[in-house]
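Each remark here refers to the structure printed beneath this line.
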Amino acid sequence: MRGARGAWDFLFVLLLLLLVQTGSSQPSVSPGELSLPSIHPAKSELIVSVGDEIRLLCTDPGFVKWTFEILGQLSEKTNPEWITEKAEATNTGNYTCTNKGGLSSSIYVFVRDPEKLFLIDLPLYGKEENDTLVRCPLTDPEVTNYSLTGCEGKPLPKDLTFVADPKAGITIRNVKREYHRLCLHCSANQKGKSMLSKKFTLKVRAAIKAVPVVSVSKTSYLLREGEEFAVTCLIKDVSSSVDSMWIKENSQQSKAQTKKNSWHQGDFSYLRQERLTISSARVNDSGVFMCYANNTFGSANVTTTLEVVDKGFINIFPMMNTTVFVNDGENVDLVVEYEAYPKPEHRQWIYMNRTSTDKWDDYPKSENESNIRYVNELHLTRLKGTEGGTYTFHVSNSDVNSSVTFNVNVNTKPEILTHDRLVNGMLQCVAAGFPEPTIDWYFCPGTEQRCSVPVGPVDVQIQNSSVSPFGKLVVYSTIDDSTFKHNGTVECRAYNDVGKSSASFNFAFKGNNKEQIHAHTLFTPLLIGFVIAAGLMCIFVMILTYKYLQKPMYEVQWKVVEEINGNNYVYIDPTQLPYDHKWEFPRNRLSFGKTLGAGAFGKVVEATAYGLIKSDAAMTVAVKMLKPSAHLTEREALMSELKVLSYLGNHMNIVNLLGACTIGGPTLVITEYCCYGDLLNFLRRKRDSFICSKQEDHAEVALYKNLLHSKESSCNDSTNEYMDMKPGVSYVVPTKAADKRRSARIGSYIERDVTPAIMEDDELALDLEDLLSFSYQVAKGMAFLASKNCIHRDLAARNILLTHGRITKICDFGLARDIKNDSNYVVKGNARLPVKWMAPESIFNCVYTFESDVWSYGIFLWELFSLGSSPYPGMPVDSKFYKMIKEGFRMLSPEHAPAEMYDIMKTCWDADPLKRPTFKQIVQLIEKQISESTNHIYSNLANCSPHRENPAVDHSVRINSVGSSASSTQPLLVHEDV
């Protein structure tokens with residue numbers, strides 16, 4: 001073998017010398033005479049085994065170089081001979097010899113390697129609606145069934161087609177968007193054995209089929225000189241290849257600066273924010289700014305208008321005639337619209353330049369953020385004749401002030417002031433009214449109540465009642481009694497456009513003199529009938545009022561205790577609690593969605609709040625509001641709920657207040673949104689998937705440690721007053737089923753700008769550890785309420801909400817619960833009460849205390865461990881029920897309750913309120929039942945919350961709440977956080 005190889009080497013050297021001699025002796029070849037180089041061995045393909053030698057010879061008078069190419073990688077040599085002593089699989093590829101004329105010849109070499117059938121080039125990208133090459137060329141062309149296979153035995157999409165080439169790889173035809181993240185292998189059969197390449201994950205770049213979507217934060221801006229102009233353009237497209245810019249129309253010069261920020265949202269959505277700012281705007285910066293974006297499909301643009309003024313302004317537009325006439329007892333609204341920039345700071349109505357009135361509403365003309373036009377309405381109700389005059393609206397901002405005046409004239413029916421004086425033979429009638437009344441005289445013989453024969457007056461005088469031009473006008477009319485020759489009655493009638501009135505004077509002749517017989521104001525049968533009708537109407541209204549008061553009335557459930565006198569609790573009137581206007585939130589930044597709950601007078605609506613946390617962030621919230629059918633009582637009750645929530649402050653296990661809208665429209669109370677609804681229905685949904693055993697997962701502790709470490713900076717630096725519970729991503733791979741359930745919950749507390757690929761809490765099973773966690777969290781929340789001297793009075797599973805991470809939050813649906821149609825609320829007196837959840841002292845003596853809340857908590861535990869069953873099953877609330885409660889009847893242990901938890905229930909149901917545990921003691925008892933990891937989790941989450949928990953106040957130690965003769969009057973308004 002060695003001798004044969006030596007012979008070949010000798011022949012090769014001899015041939016090489018010959019070529020050199022030939023090349024040196026022959027004249028140069030012209031380009032037109034060039035021919036293709038020749039390669040030895042003269043084959044298109046060469047197959048060698050791994051470890052063998054590759055020896056290739058290129059013969060050409062004008063030889064330049066060898067080029068080796070595989071998987072897009074090139075290497076070159078300038079020798080005529082290419083020698084690879086020990087071939088490897090990576091030497092598989094195309095070898096090309098190129099001469100000076102650019103002509104070339106190629107040979108493809110396969111280096112057969114049993115251990116490496118495929119050469120791989122990663123990653124794999126493809127453009128939608130184009131072909132893409134899976135680079136997995138073979139090292140052995142003699143294999144069979146060279147194709148693509150899905151990972152883990154999964155089938156490829158039915159519409160996926162491909163073409164295989166052993167030298168290049170496999171080309172996928174017409175890539176579709178649905179192929180994105182498709183996992184596949186190159187496969188082939190080698191000597192009867194199926195071989196797979198490393199896995200490829202296809203990443204599809206979307207085809208551009210539409211122009212970019214462009215929007216701006218605001219479509220118009222109004223600024224004063226020196227203020228900052230900042231507008232953000234949002235461009236949405238399928239890829240980052242989109243171009244964008246800001247352009248000021250009709251101008252090439254601008255002091256504006258731009259800043260770009262971009263990110264991918266999902267697989268086929270790319271977003272870019274292009275922010276344009278002018279740090280100090282000037283009048284000549286006014287104009288139209290266009291955000292322009294284009295891609296290969298086309299272009300799109302959107303504009304925003306900037307108007308810069310040298311100083312602020314106020315322009316007032318009365319929406320009615322400024323001279324107003326209104327009848328006595330009627331209502332009128334004085335309406336003005338005004339434009340103001342900056343925003344108005346002061347608004348006021350002045351009556352007769354002396355006194356102010358607050359019966360007005362002021363609100364933006366439009367919900368648009370760019371709105372500078374406002375509406376102000378002064379409501380004048382049941383105006384009296386003395387309330388006519390000038391009403392002036394004043395408005396001001398930091399730069400200017402302006403005003404407009406309305407002249408209000410009250411039309412009044414004439415009033416007869418004097419009619420029964422007979423002086424020096426003259427009879428005088430004096431009447432006052434507006435407009436000026438007209439007085440007519442009538443005479444009839446005898447004593448009559450109404451006369452019809454007209455008599456002309458002797459003298460008529462008109463004068464104003466006061467200096468003010470808005471008062472009544474007084475008219476004097478005089479008649480000579482010599483006109484009358486017989487006994488009779490003289491009637492004075494005064495009338496104007498509003499109405500009329502009359503009076504009569506009866507006289508008789510005695511000798512030659514006339515003397516007054518009787519003077520009276522007309523008292524007609526019509527007036528008598530009116531009085532009777534009015535009396536009947538009053539009786540009817542009184543009956544309706546009585547019936548209304550007998551109906552169950554709504555009242556705020558949560559009560560804040562001020563002090564205790566023996567058995568009597570003195571509550572703070574919630575209407576007297578302060579309301580801090582820092583909670584105000586612009587109602588035009590709320591976008592309402594579906595209704596979450598509704599009662600007779602109120603409802604809770606899902607909404608999106610823009611700018612509640614950050615100026616450019618959206619957050620899902622719950623908004624409590626009144627229905628149009630609500631009365632004054634319900635309006636006051638909703639405001640009381642708002643004040644109680646703002647007084648309590650924030651805690652992880654109550655539904656926290658986020659904001660409110662109390663100005664310029666109906667009251668709106670904005671609270672945290674709990675996506676999984678109330679705990680009662682959650683438990684009932686989970687009955688079929690409940691896992692009875694209690695599982696300890698020590699890996700969970702490490703999982704939460706990692707979670708909390710990742711959030712440490714955000715916990716310490718956060719300025720929010722609540723937790724933003726949006727879904728996130730868990731970075732720990734669970735190893736067991738319980739781990740999987742726990743990690744999904746944890747993921748909901750991690751804040752990232754990516755879409756989480758985790759299971760939702762609502763899809764996970766329920767186990768005993770969850771029930772213990774719920775009972776523990778509710779006890780913590782109730783301990784917090786107790787520390788704030790707040791009594792809940794309606795603690796039940798239906799009033800516990802559930803959010804991400806299976807965090808429970810205590811709430812009071814209040815106006816938004818339809819208690820009229822809820823069988824849990826029973827009519828007792830003039831109220832509907834949750835009797836089955838109430839302590840005996842509350843049922844029979846109407847006493848609500850911290851201890852009665854503990855009783856209700858025991859009923860809640862029974863609901864919890866029965867997975868949402870109704871308490872006292874099969875027992876209607878009737879006299880028998882009340883008798884059994886008095887005699888000490890208590891429910892048996894629910895099906896899934898551990899013995900220790902049933903012991904807690906029984907202590908909560910002690911007949912003596914003073915022997916019931918406090919919520920602080922209940923928390924300590926349950927801590928012994930829950931797993932160490934769950935306790936550690938809750939503690940860390942509570943510490944991570946912006947509102948950390950301090951030790952709860954133990955009310956049984958601080959005060960003797962119920963039935964103690966030793967308890968004296970003690971103030972409870974001490975501010976302690978839990």
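Each residue, glycine too, has its Cβ placed from N, Cα and C.
As annotated by Swiss-Prot, ATP binding site applies to 597-604, Lys624, 672-678, Arg798. Secondary structure at Lys603 (ATP binding site), taken from DSSP and collapsed to helix, strand or coil, is strand.
Cys58 (disulfide bond) is surrounded by 25 other CB atoms, counting those within 10 A of its CB over all protein chains shown. The disulfide bond annotation in Swiss-Prot covers Cys58-Cys97 (among others).
Less than 8 angstroms from the CB of Cys186 (disulfide bond) sit Phe118, Val134, Cys136, Tyr146, Ser147, Leu148, Thr149, Gly169, Ile170, Leu196, Ser197, Phe200, each of them six or more residues away in the same chain. According to its DSSP assignment, Cys186 (disulfide bond) is in a strand. Annotation source Swiss-Prot lists disulfide bond at Cys136-Cys186 (among others), citing sequence analysis.
Within its own chain, Cys151 (disulfide bond) has Cys183, Leu184, His185, Lys199 as residues 6 or more apart in sequence whose C-beta sits under 8 angstroms from its own. Summarising the annotation, Swiss-Prot assigns disulfide bond to Cys151-Cys183 (among others).
Annotation for Cys291 (disulfide bond): same-chain Cβ neighbours under 8 Å, separated by at least 6 residues, are Val214, Val216, Cys233, Ile235, Ser244, Met245, Trp246, Glu274, Leu276, Asn301, Val302, Thr303, Thr304. Reduced to three states, the DSSP call for Cys291 (disulfide bond) is strand. Sequence annotations record features per position, and here Swiss-Prot assigns disulfide bond to Cys233-Cys291 (among others).
The disulfide bond annotation in Swiss-Prot covers Cys429-Cys492 (among others). Of all Cβ atoms in the protein chains displayed, 28 besides its own lie within 10 Å of the Cβ of Cys429 (disulfide bond).
Within the model, the domain 'Ig-like C2-type 1' (27-112) carries an average pLDDT of 87. Marked as domain 'Ig-like C2-type 1' by Swiss-Prot: 27-112.
Residues annotated as domain 'Ig-like C2-type 4' in Swiss-Prot: 318-411.
The domain 'Ig-like C2-type 5' annotation in Swiss-Prot covers 414-508.
Residues or ranges marked as domain 'Protein kinase' by Swiss-Prot on the basis of sequence analysis: 590-939.
The site 'Important for interaction with phosphotyrosine-binding proteins' annotation in Swiss-Prot covers Tyr938 and rests on similarity to another entry.
If you look up Swiss-Prot, you'll see 526-546 marked as transmembrane segment, on the strength of sequence analysis.
Most other Cβ atoms within 10 A: among the recorded positions Cys233, Cys675, that distinction falls to Cys233. The two recorded residues, Lys603 (ATP binding site) and Cys492 (disulfide bond), have Cα atoms 60 Å apart. Candidate binding-site residues: Gly597, Cys675, Asp678. Nearest to Cys429 (disulfide bond) by Cα distance: Gly597.
Among the recorded positions listed here, namely Cys492, Glu672, Asp678, Glu672 has its C-alpha nearest to that of Cys58 (disulfide bond). Around Gly597 (ATP binding site), taking its Cβ as the centre, 18 other Cβ atoms fall within 10 Å, counting all chains. Within 10 Å of the C-beta of Cys136 (disulfide bond) we count 28 further C-beta atoms, all protein chains included.
Counted with DSSP, the domain 'Ig-like C2-type 1' (27-112) comes out as 6 helix, 47 strand, 33 coil. Summary: among the recorded positions (Cys97, Cys183, Lys603, Asp678), the fewest other C-beta atoms within 10 A of the C-beta are counted at Cys183.
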